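Trainee: From TrEMBL, for reference:
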- HIS81, HIS83, GLU87, HIS126: Fe(2+) binding site (BINDING)
- HIS81, HIS83, GLU87, HIS126: Ni(2+) binding site (BINDING)
Amino acid sequence: MKAYFYDNLPGDQRLPHDSGREVTVSDLEKVGVLYFRIPELEGVNALASERGYKNRDEITISPEKMGAIYETKVKQFFDEHLHEDEEIRYIRDGAGYFDVRNEGDEWIRIKLVKDDLIILPAGIYHRFTTDDTDYIQAMRLFKEEPQVDASQPHRRA
Ligand code: KMT
Ligand code: NI
């Protein structure tokens, strides 16, 4: 895991866009994002049951796995959105970036690699992209069935 402020410069979303301004784990906590490095699945199972998670799935995001829809999917994930419930992402392989808004609406970019786990609080605005390796395998854990309220605006007014 490495976190920093996004540089907001134009260019491929899959490039690092590192402003050079670092963000710490305790800065992430201030916006409600919790980070853990968990090398064994048992640790994830324990955390999930402690916090009342009921569902999970595994997703592989890569051109090999997704074929022609890969580019469309990656653009969709990078569309700013929120989830109604707290959700967990646990990286099984590869790497990718979660961008989350801080209290001042600035983008914080969180680079996640294998064995990294983040807990996104309910209602946080965020977006996701693969990095320039175009490959990530992740477990998504949900408290209820996955749901995004389509009536919610994607961007703040
Ligand atoms: C999300 O919530 O935006 C995602 O789950 C992105 C794909 S999981 C690596
Ligand atoms: Ni999301």
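The backbone N, Cα and C atoms fix where each Cβ goes, and this holds for glycine too.
TrEMBL does not curate its annotations; it predicts them automatically.
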Trainee: Counting other Cβ atoms within 10 Å, pick out the least crowded of the binding-site residues HIS81, HIS126.
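Mentor: Lowest Cβ count within 10 Å among the binding-site residues (HIS81, HIS126) is HIS81.
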Trainee: Taking DSSP as the reference, which of helix, strand or coil describes HIS83 (Fe(2+) binding site)?
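Mentor: DSSP call for HIS83 (Fe(2+) binding site): coil, neither helix nor strand.
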Trainee: Enter the number of other CB atoms within 10 angstroms of the CB of GLU87 (Fe(2+) binding site).
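Mentor: Neighbour count, Cβ to Cβ under the 10 Å cut-off: 20.
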Trainee: Taking 10 A as the limit, how many CB atoms besides its own sit near the CB of HIS83 (Fe(2+) binding site)?
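Mentor: Step by step: centre on the Cβ of HIS83 (Fe(2+) binding site), count other Cβ atoms within 10 Å, giving 19.
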